[in-house]
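**Q** Sharing a structure below in structure tokens format, with a few things to ask.
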Amino acid sequence: MKVLSISSEAFPLVKTGGLGDVAGALPLALAAKGVQTKTLIPGYTQVMKAVTGLVKKYEFDNLLGEQGTLWETRYKGLDLLILDVPDLFDRPGGPYIDPKGKDYEDNWRRFAVFSLAGAKIAAGCLPDWKPSLVHAHDWQTAMTPVYMRYAYEREIPSVLTIHNIAFQGQFSPAIFPALGLPAHAFMESVEYYGDVGFLKGGLQTATAITTVSPSYAEEILYPQFGMGLEGLIRARVNAVHGIVNGIDTDVWNPETDTFLARNYSLKTLQQRSTNRQAVAARFGLHDDNSPLFCVISRLTWQKGMDLLAETVDELVRLGGRLAVLGSGDAALEHAFLNAAARHPGRVGVVIGYNEPLSHLMQAGSDAILIPSRFEPCGLTQLYALRYGCIPVVARTGGLNDTVVDATHAALTSGSATGIQFTLNDTNSLLYAYRRAFKLYEDHKSWTKVQKQGMKTDVSWDASADAYVALYSSLVAKGQ
Ligand code: ADP
């Protein structure tokens, strides 16, 4: 089986969140199962700088009026196809935002062009490689199945994965004529509350829809989580599958991770304390025996960071320390910086994105706080499990599916791996803090939960099997 994966991010070349991690890791896990994946990514400035050994694969002479070169190379185990359209992708700033942090105004055009290139490859434009299935990710590539339906005879099946339904690619209807689709495609597929919806179009036209955990697959059937798309998801419910993400257990391995102050394993857990000291030093925290909590997150409403900021004082009053790494809403960044100023030695904040530091924090913190209002899958709790950092999580989406709450029964049977709580308001967080402190005081139980987490299989193995089964059934049906 040959899969064309189309993604606007792929770790380690370009990542702004979980999408990048998944697009970078899933192909490697699939390769171990005999599935050959080529990953199409945009030729952002940083990508073109990082890769070497480019071989010209194809020249696109008309992608909505743009010319583009398709390069092929291999990078850290990934077979990459890179769409080089300098006009659209060779820019300063992030993949979606300019250096001032504003969305590029032509994002609709950048990712329509990118999606169209994916559809052309799916239709067999490359002389020596034709995929048996297309796997698109999120709104940025959701137009690929739309183009496959209208611009080409639909020959191969497509899968569209929702990593976060909150990001939908909704644009003014005025852009429709520039998408190069027939007029009837507007009402049939992409129309979304009078606008053009990229994700909506993809969900309407993809052969199958997946999302990144079984719980989230159920939640998005309802308005609170479906965010306007719940009706469509319900109409297509038989095509929806929830497959939980895994993590790259080579990149995230406490025994070999070079970002740690000291490596450790299940058997040498006490050596975590060196990392704990290193985290305290890095964040200007007192080096004492009080529980060290961390946050590694986008600082946004989705992640419940407003509720956390409101309860920092109580966490400190209970005797905890807190290390926060993140960036996002300016008001939340200020709220955490203020908390650090109020509690010197107890709360430390680093604003920004820092991959090495995030590894050290997982290795040195006692617990990670993840009070998300919704969480399609979530990866930080999976890293935490692997690193013996106890996840304290809101009971939603993938957090619900991957963490076993330390109830009395779960503690007794030895299955507990973390703490779950129902997130309603700040009181729910206070309740979670108290439970975490109580568990921390019971050293034996705490260590048991840590070790059970470290023994949990968070690799891609089982999930890759689920993708292979889905791909195979779609390809078999399509023949
Ligand atoms: P989302 O994709 O919604 O942001 P996930 O938990 O699925 O959330 O994935 C977030 C990824 O980004 C994880 O790999 C996490 O470690 C990483 N991350 C988030 N914020 C930071 C940060 N400030 N510095 C380093 N890594 C971060």
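Cβ coordinates are placed from backbone N, Cα and C, and glycine is handled just like the others.
Because TrEMBL annotations are produced automatically, they should be read as predictions rather than curated entries.
Pulled the feature table from TrEMBL, pasting it below:
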BINDING   Lys15  ADP-alpha-D-glucose binding site
DOMAIN    2-234  domain 'Starch synthase catalytic'
DOMAIN    285-411  domain 'Glycosyl transferase family 1'
**Q** So what's the mean pLDDT when you look at the domain 'Starch synthase catalytic' (2-234)?
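**A** Here the predicted model's pLDDT, averaged over the domain 'Starch synthase catalytic' (2-234), is 96.
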**Q** How many other Cβ atoms are found within 10 Å of the Cβ atom of the residue listed as 'ADP-alpha-D-glucose binding site', counting all protein chains shown?
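**A** If we count other Cβ atoms within 10 Å of the residue listed as 'ADP-alpha-D-glucose binding site', we arrive at 18.
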**Q** Provide the three-state DSSP residue tally for the domain 'Glycosyl transferase family 1' (285-411): helix first, then strand, then coil.
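**A** The composition, in the requested order, is 54 helix, 31 strand, 42 coil.
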